Amino acid sequence: MTMSSFLINSNYIEPKFPPCEEYTQHSGSAGSSASYHPHHPHPHAPPPPPPPPPPHLHAAHPGPALPEYFPRPRREPGYQAPAAPPGPPGPPPEALYPAQAPSYPQAPYSYSSAGSAAPGPEQPPPGASPPPPPPAKGHPGPAQPLLPGHALQRRCEAAPAAGAGTGPGCALLPDKSLPGLKGKEPVVYPWMKKIHVSTVNPNYSGGEPKRSRTAYTRQQVLELEKEFHFNRYLTRRRRIEIAHTLCLSERQVKIWFQNRRMKWKKDHKLPNTKMRSSNQPSLGQQQAKAQTQGHPRPLDGAAPNAAAL
């Protein structure tokens, strides 16, 4: 508010500059710019002193004066060149300020027009902004290498335009053109497969075993032996716990305990329950017979004496 009121009430001379339209004209712009002189005092005369601010401005707005606005009239006349005989007209503004055209679209045109002297019809005028360059078919510049997947996709996209007979060719292209992608898949060899056969195959040649034998480590055998020392039979819950602890399957733990029980019976010379014949007496019958032989039945005459006692 203070600045606007100061500019209105003071006798400040606004410097005048030539309009901007004169710089864009093709003819007569240099002469007009050279002969144009704003209405300023004579350059040889001393610059007029700055007018004092009106008294009512200080009364209305008390405060420090703005010194940055007073030296401007002193500097403005300094921009005017001293009086000199008019020289030859300078170059037109177009030579000093050429139209700035982007440099990146010139590369494709320079490549395509290298063989011919006259530029092609695709070259834009110097004043207008050039459109984006179309993709050149015979561009000799270095092209970025395409991945196999992108090249295959472009071939298959161009196949329907050529004809319907190229459809099966695109279906067979991935197997031939992408060998690197298949190498990333895990390779499973025949010796890595496990074959579980429940029935006997008469045509089996014996090239591959039916089931590989489990090789237990010392730590696994030690833990299994400790468990067998306390319990010769395992519940399913305990079997699952041992299998998870020793990194084995439930079937491996079950088979190990079966084999270990058979060995224990053989060491203790106990009859095998699976191979036992029907004519042999059971273990319970043998124990009952031994008890009857150790304690004979009392006689008939001794019964009254025993009762009397």
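A Cβ is built for glycine as well, from the same backbone N, Cα and C atoms used for every other residue.
Between the stretches 158-163, 170-175, 188-193, Swiss-Prot puts its motif 'Antp-type hexapeptide' entry on 188-193.
On the 0 to 100 pLDDT scale, the DNA-binding region (209-268) averages 91 in the predicted structure.
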